[in-house]
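This report concerns only the one structure given below.
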């Protein structure tokens with residue numbers, strides 16, 4: 001008896017001590033945030049539509065961390081939004097998205113180029129003038145030939161297999177072209193010309209009205225040919241931006257220090273406020289959240305928001321919530337309804353799913369209105385120019401069972417049917433989504449078997465592999481997509497164009513196979529008038545939704561914590577996260 | 001004794017061969033048996049917008065069109081004599097022992113393992129010294145003062161230590177000691193020993209303590225049980241009857257007998273820890289072998305995973321070998337067999 005009492009007392013003491021430490025862990029050591037001297041008032045969403053804590057004060061080091069490794073720092077291959085955001089610190093592409101809060105950030109502005117592209121030949125040729133006086137960190141002046149080399153270099157998918165493939169898709173590359181390494185002497189002027197040191201002319205296979213969006217890709221950041229070491233260049237980058245690399249340790253971290261060859265007079269976009277950046281890689285994500293709150297760290301580079309463990313901490317405490325921003329980002333979480341799997345070859349069976357699903361439960365599965373997002377009824381998110389609000393399958397927030405049953409009757413399955421739903425088993429939100437589908441569809445007799453697959457092989461070997469989908473009866477697949485850039489083409493081309501579906505797997509489009517939509521996409525990319533082109537994207541959105549092959553879940557939102565002592569903080573809509581190029585530190 | 005060691009060494013090499021073959025099969029053969037094609041395997045190594053040509057090029061470059069035994073043979077050959085990888089722009093040399101090449105990070109695996117090994121070694125050695133000293137001392141004292149307040153308190157402490165997972169104690173310790181009181185270094189801190197030994201110890205202090213908390217609890221319970229058993233043995237009573245001082249009885253006769261199972265467990269624990277203290281490194285953001293393995297798993301970077309697995313197997317096998325030899329030193333009865 002005494003033993004039991006002692007043990008109970010000891011256990012109680014241990015629990016009490018640990019609970020106290022848990023509570024203490026989240027306490028802000030800096031009281032009210034230590035922002036004295038600033039006119040900025042910390043409040044929820046303060047950095048969404050305006051600049052929080054504006055300042056031109058230079059100096060200080062921004063401490064940043066990322067919870068995993070960088071895909072690559074090479075501007076020719078990197079393919080993550082946060083990386084494109086960050087790359088502007090050490091590189092200058094022809095164009096860039098305007099560094100401004102709100103809708104203004106969707107506007108393209110010149111960076112290395114003097115102006116936006118000059119189209120000719122009906123949008124088949126694009127000419128850019130390059131600023132004079134822009135230098136590499138070694139003092140050599142940047143020329144048009146360097147930009148040409150960088151773009152051509154990025155088309156080598158043997159050396160850079162992970163990068164965007166837009167340039168090889170659109171450029172009129174000569175026959176026999178392999179790469180700058182394998183076929184260096186081949187004349188490539190039919191694809192890119194450089195009539196003088198400050199002019200670059202792109203020739204396309206077909207007109208493309210949105211070429212300026214390609215000109216803002218990091219792949220147009222100049223690379224000096226004599227310093228290019230192929231795949232190894234990622235660790236030996238030559239800067240053209242206000243900062244250059246120091247102490248780069250792959251997989252561990254690096255520092256950015258001032259590049260003394262960068263000239264403010266050639267750069268209308270950058271303020272280059274901090275003296276440098278100190279970046280750590282592969283840092284525990286929960287630890288990053290804690291350090292953001294205590295001020296030990298200022299930026300979580302991934303820009304996707306805090307982890308579930310910190311979510312309730314920062315949203316429930318008013319003092320902490322005042323340092324939180326909750327942007328809607330240009331990402332859609334959705335579910336593919338695969339018409340290649342019976343009985344979804346019948347549109348009415350697909351409509352039954354559209355009506356029967358409990359939309360609210362989709363939002364709940366993703367974490368609710370703050371962490372999850374807003375209920376979506378279209379494929380295009382509101383940030384994409386051309387977005388039009390509509391709802392072709394009005395079923396309220398929890399579904400319309402009468403309409404669902406009618407659709408089932410119309411498709412000849414009045415008692416329902418059986419199908420399977422795939423989800424990424426290492427993504428709890430997707431698993432919860434699949435369970436929500438299972439419960440909601442069960443209400444009208446549609447029995448859903450859940451099948452989880454690893455994220456790493458989800459598109460290459462499971463949902464993105466058409467024969468696998470049919471063989472495993474995967475009528476439904478959880479899915480998600482973020483735009484490469486905020487434009488209809490950037491958002492739609494990879495998820496509604498049937499021609500990107502590969503029988504060998506790997507495509508994010510698993511369900512949209514509508515020849516008419518392919519033609520509409522082809523027509524839209526030729527349209528040079530912005531307003532008309534944007535209207536085309538909305539029409540494509542509607543046409544795809546009519547076929548009920550996509551169930552839009554939520555327009556994603558994230559919960560971002562503003563790092564302490566940061567100045568000039570705002571969410572850049574084109575990246576859906578804080579603008580790294582503009583921020584400074586007190 | 002020498003014959004015994006040689007025999008164990010040969011067995012260890014065979015074991016490593018088997019481990020490598022099985023691991024290789026798990027990552028490269030099993031997916032094929034489950035229906036994956038060379039192209040679908042290659043899509044793990046290309047971007048999301050890659051076209052068919054890029055996928056096929058990558059599959060060819062990685063040798064996925066070769067039969068599985070050829071792929072394993074090429075890999076094993078690389079371990080023994082080194083190999084060359086076609087990286088498009090240039091060929092990359094991977095000298096022996098080439099444990100593979102990460103086509104995601106564009107780095108040879110072995111140098112990366114060697115780069116990270118000191119972090120894991122430092123973590124394992126420091127923590128193991130701490131847990132051996134505290135665990136064994138607490139265990140001995142508990143056994144000698146059986147039923148006392150100290151014994152009960154120590155065993156509750158041990159129970160709590162074993163029960164609390166390191167990803168929880170680690171985060172709590174960081175929140176409390178690093179961020180609230182600023183006593184210890186924040187997560188992600190590591191200074192090489194050769195650069196500054198004091199900073200090295202300061203940075204690793206919290207990971208050491210956290211990791212040793214878990215293990216010292218186990219060792220305290222193990223030592224206590226062992227001591228209680230040996231202290232009741234006839235030879236201990238004989239030693240006391242001969243008039244030996246109690247300290248000598250406890251250390252020379254009691255503890256020595258109780259240490260045999262501790263050494264066995266320690267060998268296994270230490271070997272596994274060297275193979276990668278995954279959770280501790282992850283929680284404290286230390287770039288050691290464990291974190292490297294996790295990066296490989298998240299990125300589906302098979303050469304990395306294969307490399308860490310093989311290295312971990314080497315450490316466990318070596319640790320076992322050393323333990324077997326130490327047996328003879330610790331327990332005189334083994335020497336006579």
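Each position is counted from 1, following the chain as shown.
Each residue, glycine too, has its Cβ placed from N, Cα and C.
These numbers come from a predicted model, not from an experiment.
Transmembrane segment is the annotation TrEMBL gives to one range among B:199-217, B:218-236, B:237-255, and that range is B:199-217. Beyond the ends of the transmembrane segment (B:121-144), by six or more residues, the same chain brings 150-151, 154-155, 157-158, 193, 200-201, 204, 207-209, 211-212, 214-224, 226-228, 231, 250, 254-255, 262, 266, 269-270, 273-274, 277, 280-281, 286, 288 to within a C-beta distance below 8 angstroms of the stretch.
Pairs of Cβ atoms less than 8 Å apart link the transmembrane segment (B:9-30) most often to B:305-330, out of B:156-179, B:199-217, B:257-279, B:305-330. Ranking B:156-179, B:199-217, B:257-279 by CB pairs under 8 A with the transmembrane segment (B:305-330) puts B:257-279 at the top.
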